Amino acid sequence: MPHAESYDYIIVGAGSAGCVLANRLSADPRCSVLLLEAGGWDRDPMIHIPLGWGKILTERRHDWMYFCEPEDNVGGRRVECARGKVIGGSSSTNAMAYVRGNRGDYDRWAATGLSEWSYDKVLPYFRKQESWEGGANQYRGGNGPVSTQFCRYKDTLIDAFAQASVQAGYAQTKDYNGERQEGFGRLQMTISKGRRASTASAYLRPVLKRPNLTVLTEASATRIVLEGARATGVTINHRGGERTVLARKEVLLAGGVINTPQLMMLSGIGAQDELAAHGVQTRVNLPAVGKNLQDHVSVILMYRRRAPGGPFLRNMRADRIGFDFVKTYLTGRGFSGDVPGGVVAFLKSGPARPLPDVQLLFTAAPLAAWPYFKPFKAPFADGFATRIVATQPESRGAVKLASADPSAAPLIHQNFLASPKDWESLRAGFRVARDLAAQPSMQPFIEAEFFPGPKCQSDDEIDEHIRKTSITVHHPAGTCRMGADAASVVDPQLRVRGVDRLRVVDASVMPDLVCGNINAAVIMIAEKAADLIASSKEGRAVQ
C-alpha cells in the first residue's frame with residue numbers, strides 16, 4: 001500500500017453491502033476504492049460448505065461476539081446478537097435464505113416520503129443482483145452476481161410438511177420473491193454449485209485484481225475524520241498500528257446495524273447528551289443515531305421423528321459427514337451442499353394485519369444436532385423443528401456507546417417484545433405450527449412433541465415459552481434511519497444529515513424491517529446506493 005494513503009472512496013465494512021459497493025464503484029477505472037474489513041479473509045471451508053453453517057453459527061466463528069443487554073421480556077437473558085466479522089460479513093455466516101420482503105414493505109417506505117424506494121423503484125435492483133435458476137422474468141433476474149435457487153434438500157418429511165399446509169387450507173405461493181409472497185412455498189437459497197453464494201464470492205472475488213481496488217483485512221475503523229462538517233477520511237487500527245486514510249470523494253459506512261452507529265458516535269455524530277456522558281465531543285448533534293433498532297424475534301417448536309429417521313440422521317455420523325464435507329468442498333456435489341430446510345411460509349396472524357407478520361421456517365433436522373460431530377454414531381435423536389418469526393415487529397430498541405474506547409463493544413438494547421402485537425404474532429404462529437403437525441400427512445413422521453411439549457397449551461403457557469426461549473434470527477435494522485424528515489439520520493440518497501461526503505449503506509438505513517430475511521434487501525440497498533453515488537458529485541449534506 002502506498003504512503004500517500006488517499007482514495008476516492010473509502011468503504012468501511014466488507015459485508016453484504018460493502019462488497020457490492022467495492023465491485024460497482026471500482027468498475028470505473030478512474031476511481032480508486034479502499035475497502036476496509038475488521039475481520040479476515042473467508043478462507044474457512046465451513047463458510048463455503050452450506051451445511052457448515054451450523055458450526056459457523058453455534059461456535060460463533062468469524063463473529064463480533066455481541067450480546068444484547070438483559071431484558072425482562074426474555075426472562076432477563078442476554079440474547080446473542082451474531083454479526084459476521086469476516087470478508088462477506090453476515091452474508092458469509094448466515095443461513096443463506098433468499099427473501100426479498102413484501103411489496104408492501106417498500107411501498108410503506110415510499111408512503112413516508114421515500115418515493116424512490118417504492119417496490120417498483122427497488123425491483124430493478126433486486127433483479128440486478130441475482131441469477132435465478134428459473135431464469136429472468138418481470139420479477140426475477142437471470143444474469144446477476146448472486147446465484148439463487150430453490151432449496152434442493154430431499155426428504156419425504158419436507159414433502160409431508162408442504163402437504164400439511166394444503167390439508168390445513170393455507171394459501172400456496174410458487175415464488176415468494178415473485179408476484180405473491182403470502183402463503184407456503186419452497187425456500188430459496190443463495191447457493192451455487194454446492195457452495196454458499198456470499199457477496200464476497202459473488203461480488204468481491206471476481207474483481208480483486210482491479211488495480212484501482214485495495215482491500216485491507218484486520219483493519220478496524222476507530223474514527224471518521226471530520227474537517228468542519230465534511231468527512232475527509234477514516235482513522236483505522238490495522239494489525240496493531242493506527243493510521244489515517246483519506247477520501248477524496250466520500251466515506252461510505254457499511255459496517256452494519258451495530259458497528260455503523262457506534263463508529264458515528266465515537267466520531268462525535270449522535271445525541272449530544274449521550275456523547276458527553278462518555279467524554280466524546282459532539283461534532284454533529286444527530287439524536288436519531290443508534291435509535292430505532294428492530295429485529296425479528298423467534299421461538300421454536302420441536303418434534304421427535306419416528307424410526308427409521310431421515311437422511312440427516314443417517315448422514316451426520318462423523319465418518320460419513322467428514323468425507324462428504326471434503327467431497328462437497330472439492331466438487332460442489334454432496335449431502336453437505338444444502339441445508340435441511342425446504343418449506344417457508346409468510347402468513348397474517350389476523351385479518352386486520354395489512355402484511356404477513358408471521359414467518360414459519362421448517363427444518364428437517366433436530367436442533368440438538370448442531371454441536372456435531374461425535375465419532376461413528378449420531379449424538380442426537382432424530383427430529384424436526386418449525387421456527388416461528390414475528391416479521392413486522394413494533395418494538396424498538398437502541399445501540400449506545402458503552403465507552404469512548406473503539407475496542408469496547410457497544411450496548412445493544414433490543415427491547416424485544418415491548419409491543420403486545422409482537423407477542424400476538426408469535427403466539428398465532430405457534431398455533432399454526434401445531435396445527436400443521438396435526439395434519440394427516442405428518443402423522444407417519446411424528447413420535448412426539450418434545451419442545452416445549454404438549455403441556456404448553458394456554459396463552460400464558462405459550463407466552464412463558466416465548467419469554468424463556470425466544471431469540472433473534474439475526475435480522476437487525478434501522479439504527480441510522482433513512483427518511484424524508486429532518487429527524488432521520490440519512491436522507492433518501494443515504495447521505496448523513498449535517499455531514500458532507502458521508503453516507504450510510506447497510507441495513508441500519510432501513511426505516512423499518514421487511515417481511516423476511518434481510519440479506520437480499522441489504523444487497524438491493526447497496527446496488528441502489530452505487531447508482532446514487534455514481535450520479536452524485538460530492539454527496540453534499542442535506543440540512
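Backbone N, Cα and C define each Cβ position, glycine as well.
Noted in Swiss-Prot for the protein shown:
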- Ser16, Ala17, Glu37, Ala38: FAD binding site (BINDING)
- His475: active site, proton acceptor (ACT_SITE)
May I ask which residues of the same chain, at least 6 positions away in sequence, place their Cβ under 8 angstroms from the Cβ of Ala38 (FAD binding site)?
Gly13, Lys85, Glu218, Ala219, Ser220, Ala221, Gly255, Asn259
Rounded Cα separation (Å) that holds between Ser16 (FAD binding site) and the residue listed as 'active site, proton acceptor':
12
List the other residues in this chain whose Cβ sits within 8 Å of the Cβ centroid of the FAD site residues Ser16, Ala17, Glu37, Ala38, in sequence order.
Gly13, Ala14, Gly15, Gly18, Cys19, Gly84, Ile87, Gly88, Gly89, Ala254, Gly255, Gly256, Asp506
Counting other Cβ atoms within 10 Å of each residue's Cβ, which of the recorded positions Ser16, Ala17, His475 comes out lowest?
His475
Give the maximum pairwise CA distance in Å, whole number, for the residues Ser16, Ala17, Glu37, Ala38 listed as binding FAD.
15
Measure from the Cβ of Glu37 (FAD binding site) and count the other Cβ atoms within 10 Å, all protein chains considered.
30
Cα of Glu37 (FAD binding site) to Cα of the residue listed as 'active site, proton acceptor': how many Å, rounded?
20
